[in-house]
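Pulled from Swiss-Prot, these are the features on record:
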{"type": "DOMAIN", "residues": "117-136", "note": "domain 'HhH'"}
{"type": "BINDING", "residues": "CYS197, CYS204, CYS207, CYS213", "note": "[4Fe-4S] cluster binding site"}
Amino acid sequence: MSSLLRKMASKKQRATEILLILKKLYPGATCSLDYQTPVQLLVATILSAQCTDERVNKVTPALFQRYPDANALAYGDRQEIEELIHSTGFFRNKAKNIQGACRKIVEEFDGEVPQRMEELLTLPGVARKTANVVLAHAFGILAGVTVDTHVKRLSQRLGLTKATDPIRIERDLMKLIPQPDWENFSIHIIYHGRAVCAARKPLCGECQLAHLCPSAQAS
(Lines of atoms letter the chains of each structure in order from A and count residues from 1; the text may use other names and numbers.)
(Lines give C-alpha, C1' and ligand atoms only; values in the text may rest on other atoms or scores of the structure.)
Protein backbone atom coordinates (compact mmCIF):
# COMPACT_ATOMS: atom_id res chain seq x y z
CA MET A 1 0.00 0.00 0.00
CA SER A 2 1.39 3.42 -0.92
CA SER A 3 2.03 6.03 1.76
CA LEU A 4 -0.83 8.13 0.33
CA LEU A 5 -3.30 5.24 0.65
CA ARG A 6 -2.07 4.48 4.18
CA LYS A 7 -2.56 8.11 5.12
CA MET A 8 -6.10 8.10 3.69
CA ALA A 9 -6.95 4.85 5.51
CA SER A 10 -5.62 6.31 8.76
CA LYS A 11 -7.73 9.46 8.31
CA LYS A 12 -10.81 7.37 7.56
CA GLN A 13 -10.27 5.33 10.71
CA ARG A 14 -9.85 8.49 12.78
CA ALA A 15 -12.97 10.06 11.25
CA THR A 16 -14.93 6.90 12.13
CA GLU A 17 -13.65 6.95 15.73
CA ILE A 18 -14.40 10.66 16.05
CA LEU A 19 -18.00 10.19 14.94
CA LEU A 20 -18.52 7.18 17.24
CA ILE A 21 -17.36 9.24 20.23
CA LEU A 22 -19.48 12.25 19.26
CA LYS A 23 -22.59 10.09 18.81
CA LYS A 24 -22.17 8.91 22.41
CA LEU A 25 -21.55 12.44 23.67
CA TYR A 26 -24.54 13.99 21.85
CA PRO A 27 -27.10 11.19 21.37
CA GLY A 28 -29.99 13.55 20.59
CA ALA A 29 -28.09 15.77 18.16
CA THR A 30 -30.23 17.09 15.33
CA CYS A 31 -30.77 20.25 13.31
CA SER A 32 -31.35 23.00 15.88
CA LEU A 33 -33.33 25.31 13.59
CA ASP A 34 -37.10 25.38 14.16
CA TYR A 35 -39.24 24.85 11.04
CA GLN A 36 -42.40 23.10 9.83
CA THR A 37 -41.95 23.08 6.05
CA PRO A 38 -39.05 22.86 3.58
CA VAL A 39 -39.36 26.55 2.67
CA GLN A 40 -39.26 27.51 6.35
CA LEU A 41 -36.06 25.48 6.78
CA LEU A 42 -34.60 27.16 3.70
CA VAL A 43 -35.40 30.61 5.09
CA ALA A 44 -34.12 29.74 8.58
CA THR A 45 -30.86 28.46 7.11
CA ILE A 46 -30.38 31.64 5.07
CA LEU A 47 -30.97 33.64 8.27
CA SER A 48 -28.41 31.53 10.17
CA ALA A 49 -25.48 32.96 8.18
CA GLN A 50 -23.27 34.90 10.61
CA CYS A 51 -25.93 34.32 13.29
CA THR A 52 -26.65 31.70 15.94
CA ASP A 53 -29.46 29.18 15.48
CA GLU A 54 -30.76 30.30 18.87
CA ARG A 55 -31.20 33.86 17.62
CA VAL A 56 -32.81 32.66 14.37
CA ASN A 57 -35.32 30.59 16.37
CA LYS A 58 -36.37 33.74 18.24
CA VAL A 59 -37.05 35.57 14.98
CA THR A 60 -38.78 32.96 12.81
CA PRO A 61 -42.03 32.42 14.76
CA ALA A 62 -43.21 35.98 14.05
CA LEU A 63 -41.81 35.89 10.51
CA PHE A 64 -43.56 32.62 9.63
CA GLN A 65 -46.79 33.65 11.30
CA ARG A 66 -46.88 36.73 9.08
CA TYR A 67 -45.42 35.03 5.97
CA PRO A 68 -46.06 31.27 6.25
CA ASP A 69 -45.14 30.07 2.76
CA ALA A 70 -43.07 30.79 -0.35
CA ASN A 71 -45.77 32.85 -2.04
CA ALA A 72 -46.30 35.08 0.99
CA LEU A 73 -42.56 35.60 1.44
CA ALA A 74 -41.93 36.19 -2.27
CA TYR A 75 -44.40 39.04 -2.58
CA GLY A 76 -44.46 40.33 0.98
CA ASP A 77 -43.47 43.78 2.17
CA ARG A 78 -39.66 43.98 2.02
CA GLN A 79 -39.39 46.59 4.77
CA GLU A 80 -41.55 44.57 7.14
CA ILE A 81 -39.50 41.42 6.47
CA GLU A 82 -36.32 43.41 7.16
CA GLU A 83 -37.76 44.59 10.47
CA LEU A 84 -38.77 41.06 11.47
CA ILE A 85 -35.30 39.62 10.77
CA HIS A 86 -33.28 42.68 11.81
CA SER A 87 -31.61 41.04 14.83
CA THR A 88 -30.06 38.26 12.71
CA GLY A 89 -27.64 40.72 11.09
CA PHE A 90 -27.11 41.57 7.40
CA PHE A 91 -30.90 41.86 7.35
CA ARG A 92 -31.22 43.80 4.09
CA ASN A 93 -29.20 41.28 2.10
CA LYS A 94 -30.95 38.36 3.80
CA ALA A 95 -34.40 39.82 3.08
CA LYS A 96 -33.42 40.35 -0.57
CA ASN A 97 -32.17 36.76 -0.87
CA ILE A 98 -35.19 35.28 0.91
CA GLN A 99 -37.60 37.09 -1.38
CA GLY A 100 -35.54 36.29 -4.47
CA ALA A 101 -35.33 32.60 -3.57
CA CYS A 102 -39.03 32.37 -2.76
CA ARG A 103 -40.00 34.19 -5.95
CA LYS A 104 -37.98 31.71 -8.00
CA ILE A 105 -39.54 28.80 -6.08
CA VAL A 106 -43.02 30.14 -6.87
CA GLU A 107 -42.36 31.05 -10.50
CA GLU A 108 -40.08 28.20 -11.60
CA PHE A 109 -40.74 25.32 -9.18
CA ASP A 110 -44.52 25.51 -8.65
CA GLY A 111 -44.11 26.82 -5.11
CA GLU A 112 -42.15 23.76 -3.93
CA VAL A 113 -38.55 23.80 -2.72
CA PRO A 114 -36.54 21.84 -5.31
CA GLN A 115 -35.02 18.54 -4.22
CA ARG A 116 -31.93 18.60 -6.43
CA MET A 117 -28.64 20.24 -5.47
CA GLU A 118 -28.19 21.85 -8.91
CA GLU A 119 -31.63 23.47 -8.72
CA LEU A 120 -31.23 24.67 -5.14
CA LEU A 121 -27.95 26.35 -6.06
CA THR A 122 -29.79 28.54 -8.59
CA LEU A 123 -31.74 30.21 -5.76
CA PRO A 124 -30.46 33.60 -4.53
CA GLY A 125 -28.54 33.31 -1.25
CA VAL A 126 -28.21 29.52 -1.47
CA ALA A 127 -24.76 27.91 -1.54
CA ARG A 128 -23.85 24.28 -0.81
CA LYS A 129 -24.08 24.68 2.98
CA THR A 130 -27.72 25.81 2.85
CA ALA A 131 -28.58 23.31 0.12
CA ASN A 132 -27.09 20.40 2.09
CA VAL A 133 -29.06 21.35 5.21
CA VAL A 134 -32.35 21.60 3.31
CA LEU A 135 -31.84 18.38 1.35
CA ALA A 136 -30.81 16.37 4.41
CA HIS A 137 -33.37 17.61 6.93
CA ALA A 138 -36.38 18.48 4.77
CA PHE A 139 -36.10 15.59 2.31
CA GLY A 140 -33.70 13.01 3.75
CA ILE A 141 -31.38 13.41 0.75
CA LEU A 142 -27.65 13.19 1.51
CA ALA A 143 -25.92 15.12 -1.27
CA GLY A 144 -22.85 16.26 0.64
CA VAL A 145 -21.37 17.34 3.96
CA THR A 146 -22.61 20.60 5.47
CA VAL A 147 -19.60 22.83 6.12
CA ASP A 148 -20.27 25.72 8.49
CA THR A 149 -17.75 27.60 10.66
CA HIS A 150 -17.70 24.82 13.29
CA VAL A 151 -17.21 22.03 10.75
CA LYS A 152 -14.46 24.02 9.03
CA ARG A 153 -12.62 24.78 12.29
CA LEU A 154 -12.88 21.32 13.84
CA SER A 155 -12.08 19.42 10.65
CA GLN A 156 -8.87 21.43 10.36
CA ARG A 157 -7.95 21.01 14.03
CA LEU A 158 -8.66 17.29 13.89
CA GLY A 159 -6.36 16.95 10.89
CA LEU A 160 -9.09 15.74 8.54
CA THR A 161 -8.39 18.48 6.00
CA LYS A 162 -5.81 21.15 5.26
CA ALA A 163 -8.16 23.03 2.96
CA THR A 164 -9.60 26.43 3.84
CA ASP A 165 -12.21 26.65 1.07
CA PRO A 166 -15.57 25.14 2.18
CA ILE A 167 -16.05 23.25 -1.10
CA ARG A 168 -12.61 21.61 -0.83
CA ILE A 169 -13.22 20.83 2.85
CA GLU A 170 -16.52 19.19 1.90
CA ARG A 171 -14.81 17.09 -0.78
CA ASP A 172 -12.14 15.95 1.69
CA LEU A 173 -14.75 14.96 4.28
CA MET A 174 -16.91 13.14 1.72
CA LYS A 175 -13.90 10.90 0.98
CA LEU A 176 -13.43 10.06 4.66
CA ILE A 177 -17.01 9.59 5.87
CA PRO A 178 -19.54 7.03 4.58
CA GLN A 179 -22.46 8.74 2.81
CA PRO A 180 -25.12 7.65 5.38
CA ASP A 181 -23.19 9.64 8.02
CA TRP A 182 -22.48 12.79 6.02
CA GLU A 183 -25.07 14.94 7.81
CA ASN A 184 -24.61 13.08 11.10
CA PHE A 185 -20.96 14.07 11.05
CA SER A 186 -21.76 17.75 10.48
CA ILE A 187 -24.45 17.90 13.17
CA HIS A 188 -22.29 16.20 15.81
CA ILE A 189 -19.24 18.30 14.95
CA ILE A 190 -21.37 21.45 15.28
CA TYR A 191 -22.59 20.36 18.73
CA HIS A 192 -19.00 19.68 19.83
CA GLY A 193 -17.82 23.00 18.43
CA ARG A 194 -20.42 24.84 20.47
CA ALA A 195 -19.84 22.87 23.67
CA VAL A 196 -16.09 22.24 23.77
CA CYS A 197 -14.00 23.24 20.74
CA ALA A 198 -14.62 26.98 20.66
CA ALA A 199 -12.81 29.21 18.18
CA ARG A 200 -10.75 31.17 20.70
CA LYS A 201 -10.45 29.02 23.81
CA PRO A 202 -10.97 25.34 23.02
CA LEU A 203 -11.31 23.18 26.14
CA CYS A 204 -8.68 20.65 25.05
CA GLY A 205 -8.22 19.40 28.63
CA GLU A 206 -11.89 18.37 28.76
CA CYS A 207 -12.17 17.13 25.17
CA GLN A 208 -12.87 13.45 24.61
CA LEU A 209 -11.41 13.74 21.13
CA ALA A 210 -8.03 15.04 22.36
CA HIS A 211 -6.27 11.70 21.78
CA LEU A 212 -7.35 11.85 18.13
CA CYS A 213 -6.61 15.55 17.63
CA PRO A 214 -3.22 16.78 16.36
CA SER A 215 -4.02 20.32 17.52
CA ALA A 216 -4.74 19.22 21.10
CA GLN A 217 -1.57 17.15 21.22
CA ALA A 218 0.48 20.08 19.93
CA SER A 219 -0.89 22.55 22.48
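Yeah, the Cβs are placed from backbone N, Cα and C, and that goes for glycine too.
For CYS207 ([4Fe-4S] cluster binding site), the Cβ neighbour count at a 10 Å cut-off comes to 20, with all displayed protein chains included. Averaged across the domain 'HhH' (117-136), pLDDT in this predicted model comes to 98.
Each of ARG157, VAL196, PRO202, LEU203, LEU209, ALA210, SER215, ALA216 belongs to the same chain as CYS197, CYS204, CYS207, CYS213, is absent from that list, and has a C-beta within 8 angstroms of the C-beta centroid marking the [4Fe-4S] cluster site.
Of the listed binding-site residues CYS197, CYS204, CYS213, the Cβ environment within 10 Å is emptiest of other Cβ atoms at CYS204. The DSSP breakdown of the domain 'HhH' (117-136), given as helix, strand and coil counts, is 13 helix, 0 strand, 7 coil.
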